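Q: So that we are looking at the same thing, I have put the structure below in structure tokens.
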Amino acid sequence: MASIAPNSDESGLQSESYREKNESATASSSTVNPQSQPFDEAATKRLLRKLDWHLIPFFALIYLLCFLDRTNVGNARLVKLEVDLGMRGLDYNVALAIFFPFYVIAEIPSNVMMKRIRPSIWLTFIMLAWGIIMTCMGLVHNFRGLLACRVFLGIAEGGLFPGVNYFITMWAKFLTMPERIEVERRLAADSKSLSNDFHVKYVGHALADWKIWVMSIIAIGVFTPLYSISLFLPTIIKELGYANNAAQLLTVPPYAVACLLTIAGSYLADKARQRGLFLLGFELVAIVGFVMLITNDIPHVQYAGTFFAAAGIFPAVPLIVAWNSNNIGGSLKRGVGIALQIGIGNSGGVIASFVYISKDQPRFIQGHAILIGTTSLSACLTILMTTYYRRENARRDSLAHEHGTANTELSDEVSPEMREMGDQATFFRYTV
């Protein structure tokens, strides 16, 4: 990880609400000066593990349900969705695509509502809303009804991902006083090196940073096959010659393998501090899968290709999002950069909706070729960014050596001008 970039669990806890909720507790411990004490590595690991186990499993389950509701239309297609609703031509693809613009647009307004309403109420509301919408989707009788449900589903689900992130920043009542002090200490140390001020200029810095735009293009190249697989895997397997029920069941094993590799890949990449190389490796695995699908007409080989495709694409998503976040300095610039990447990346869902079209059945040669192209583009840009980050880190190390200066990231000696430079500061080291 970048030397100054805090873990998301750490940076997430720095919110006005959190400080207000714990002001009295902090005052009672005024005899302790958090910044004057060294970090306890063992205690920090216990703290982060506690944060993870209290928050992540629950939110992961919610997001799983959200993703299933978003993509199960692909399973409904196998049980005569198009016939029952009188759909023809590209109607199915349009129904998929119409979800994503509203999904992206809803993200910011939803977080505004989170500030006006208690998160527990707002998150419950949007979950209840998309549950009702999904129930209504089972009752529609025509194509227009399906479109309306997909639009409202996008609006309801768009608030979940940013809402969960905001929720994490506000609720940490399960922390003990020593753990709260540790969090405040780490946040204070980080704020010495990079600016956490709210100023519109940092928004401009994010929009003008070419690295964030390249990371966003990589995200499109990864998100497009992600949504393509999620929305069309049942159809792809059915066209291999399997019956509808068998095709539904055969979608499970590729996802199971992808789930295990996503967890393992994220852990190992973080352990090795080599996000770029792991990302590249998974992109190459996905390309192998799509090549197997496009070059072979043996059903068992093509089905094996779906394993490679899923096992390569799904682990790549958390890697590219974390890699971008690690390499943006300053809290506001980081927030804008993450939002920009996620927003642009999700536009890949619109592209994915038209990758596999009915006239290309049963081989879907054109669709597989498109995904080989998008994934290959991401792989090439991953190589570019990995090379750039390595060379830039080496250049900054050389400058520090020439001037006889050490890394001052956690020192009071960092000037205000240097703090405002964010990841352009000479003490910042990129995650490779």
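Glycine too: its Cβ is placed from the backbone N, Cα and C atoms.
Per TrEMBL, the features are:
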type	residues	note
REGION	1-37	region 'Disordered'
COMPBIAS	1-16	compositional bias 'Polar residues'
COMPBIAS	24-37	compositional bias 'Polar residues'
TRANSMEM	53-70	transmembrane segment
TRANSMEM	90-108	transmembrane segment
TRANSMEM	120-140	transmembrane segment
TRANSMEM	152-172	transmembrane segment
TRANSMEM	212-237	transmembrane segment
TRANSMEM	249-269	transmembrane segment
TRANSMEM	276-295	transmembrane segment
TRANSMEM	301-323	transmembrane segment
TRANSMEM	335-357	transmembrane segment
TRANSMEM	369-389	transmembrane segment
REGION	399-418	region 'Disordered'
Q: Kindly say whether the transmembrane segment (249-269) and the transmembrane segment (369-389) touch, using the definition of 3 or more Cβ pairs under 8 Å where each pair is 6 or more positions apart.
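A: They are not in contact.
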Q: With a Cβ cut-off under 8 Å, give me the same-chain residues at least six positions beyond the ends of the transmembrane segment (369-389) that come close to it.
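A: Apart from its flanks, the transmembrane segment (369-389) reaches 211, 214-215, 217-218, 220-222, 224-225, 228, 276-277, 279-280, 283-284, 286-287, 290-291, 294, 309, 312-313, 316, 320, 327, 348, 351, 355, 430-432.
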Q: Sequence-remote contacts (6 or more beyond its ends) of the transmembrane segment (212-237), Cβ cut-off under 8 Å?
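A: 67, 70-71, 73-75, 77-78, 96, 206, 247-248, 250-251, 254, 283, 286, 290, 293, 303, 306, 309-310, 313-314, 316-317, 320-321, 323-324, 327-328, 337, 340-342, 344-349, 351-353, 355-356, 361, 364, 367, 370-371, 374-379, 381-382, 384-385.
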